[in-house]
2 protein chains.
Amino acid sequence: MQDPSIEIALIGAGTIGLSFAALHLTQNPNCTITIHDTRPDLQTYIQRHLPTYLPENANQEPYLARLSFANELPTAVKNAQIVQEQGPENLEFKVAIWAEIERHAREDALFWSSTSGIPASAQSREMQDPTRLLVVHPYNPPHIMPLLEVVPAPQQTAEAVVENTLEYWRELGRTPVVVKKECTGFVANRLAFALFREACSLVASGVVDVKELDEIVQASMGPRWTVAGPFKSYHAGGGEGGLTSFMEKIGGTVKNCWDASKEDVTANDVSVGGKWQEDVCKQADEAYGVVDTAERDMKTRKVLSAVADS
Amino acid sequence: MQDPSIEIALIGAGTIGLSFAALHLTQNPNCTITIHDTRPDLQTYIQRHLPTYLPENANQEPYLARLSFANELPTAVKNAQIVQEQGPENLEFKVAIWAEIERHAREDALFWSSTSGIPASAQSREMQDPTRLLVVHPYNPPHIMPLLEVVPAPQQTAEAVVENTLEYWRELGRTPVVVKKECTGFVANRLAFALFREACSLVASGVVDVKELDEIVQASMGPRWTVAGPFKSYHAGGGEGGLTSFMEKIGGTVKNCWDASKEDVTANDVSVGGKWQEDVCKQADEAYGVVDTAERDMKTRKVLSAVADS
């Protein structure tokens, strides 16, 4: 990424595509972006929706001036140094589009898929050179949240591709983390869904309702894990003996919780589509109606800035 | 809590006791506190250690002036309107001490146990009037973290005791949440340990290391859940259709993650004391050494203040 100017092709103009466009435009003053999507109203659509992702009260013209639009894939990718895909979550689509992208893109272009679950090793099936592709999975929305899970295909994606990808995102002030195996759901969703399952189980048990559970997390783990992740937190909790000492002292409680969790998840049938689901969804509707994501994003920016400054 | 001045007895002068003392003293200018502990150097000990829990650069004299010390339990509790216990996590100790406290305390005093796991219904076994006791479980350290899990003994603790407890903590700007059943581990630890188990399993699988996993959480769920808990987040993720729509769209991924989680936790033997544990603890030592909790607490205050102000 020594080149001060860089051209990026974004494939797919859904909400993730718009959010990534805003991220590149605001954090990387040297980039120009071509957005590809087959929708006929592409330019009008982007010009209408992108501004809600850009900083309020800023002059948006300089951002929009660095954008172009392409309904044809070859046009979109031909000059790009980065091709970033956020199309449908469909293996056949991805296999076909990467083979086509490879035919038209520069030989040194980086290929990134935003998929939340289809590994690069599967997407690259019909590529001539599968060493070029990896997954860059955002935590939505990427123009706000710092995390990018960088998931190379083990023994396939080239080391230099991984390094250049990390370098790009670090220069933009983001937090790219390499996931070493193409495990189901990658890491962030696996962690979040594990807690979510326990949350659903506790609500199904009638211990707390949906809103109370959210209050509990917002007043405890949320702020704690913003500053120190779970391992660092429990390591600190063990004092000078660290996590080893924490497990010696609290291991019994951890075991009791894990055992109770297993029993309750089974008793409450907390599987997707289980009987609990309708009630939990109804409680969420009643508690929150339609969530104001602009307010959520504004508060999230303040939280991130508080922890970054300190 | 109409009385502008209030006397509080704190039973047990460990780290939780000191942290609660700092919380009451700093957030409630109308309180005086008597700390009870059987250690012979009680006063010297408190005067040496309490200042690290109090605001830096503040004149600490006015805080310390509102403290007194009692090696004898009856002296400590006799005038208190709140008796808050953070003694050893031992059922026999708690059963005995509440019976004794009840004999010496005012009839209108609130009785709170800080236990992380022994329910009020068990602790109150030898009390004349078991309607007076409930659990007020902090998320450590309570002088920083807003959450208090208020766990009455169902069909036993008086409604007025619950209400007065909530009122006290709300006036102090904290987040007390009622837990309706005395479930194992209450709610916060159940949730946190569920994610922790998944974290241990992913590290045991070699997907990421301890430090990378913490980075992932700090750059994603931490800040997100500080602003909106898991239900509110996924409800927002579903757009206008809310959580129902989220589960329709993402339910397949959730199911795949839950299934993979179950398989991996079993394959990695993620039980307390399992083979994974030594390696994870070693990684935590190497990554963090001894954690600077003062820095963590300072950053946490900033995060909490960012979300409170916005």
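Heads up, residue numbers simply count up from 1 along the chain you see.
Even glycines carry a Cβ here, placed using N, Cα and C.
A quick note: this is a predicted structure, and the numbers were derived from the prediction, not measured.
The average pLDDT computed for the domain '3-hydroxyacyl-CoA dehydrogenase NAD binding' (B:8-182) is 97. Look at TrEMBL and you will find B:8-182 tagged as domain '3-hydroxyacyl-CoA dehydrogenase NAD binding'.
Its own atom aside, the Cβ of B:His137 (site 'Important for catalytic activity') has 24 Cβ atoms within 10 angstroms in the protein chains shown. For B:His137, the entry in TrEMBL reads site 'Important for catalytic activity'.
Feature annotation from TrEMBL assigns domain '3-hydroxyacyl-CoA dehydrogenase C-terminal' to B:185-253.
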Summary of DSSP states over the domain '3-hydroxyacyl-CoA dehydrogenase C-terminal' (B:185-253), given as helix, strand and coil counts: 56 helix, 0 strand, 13 coil
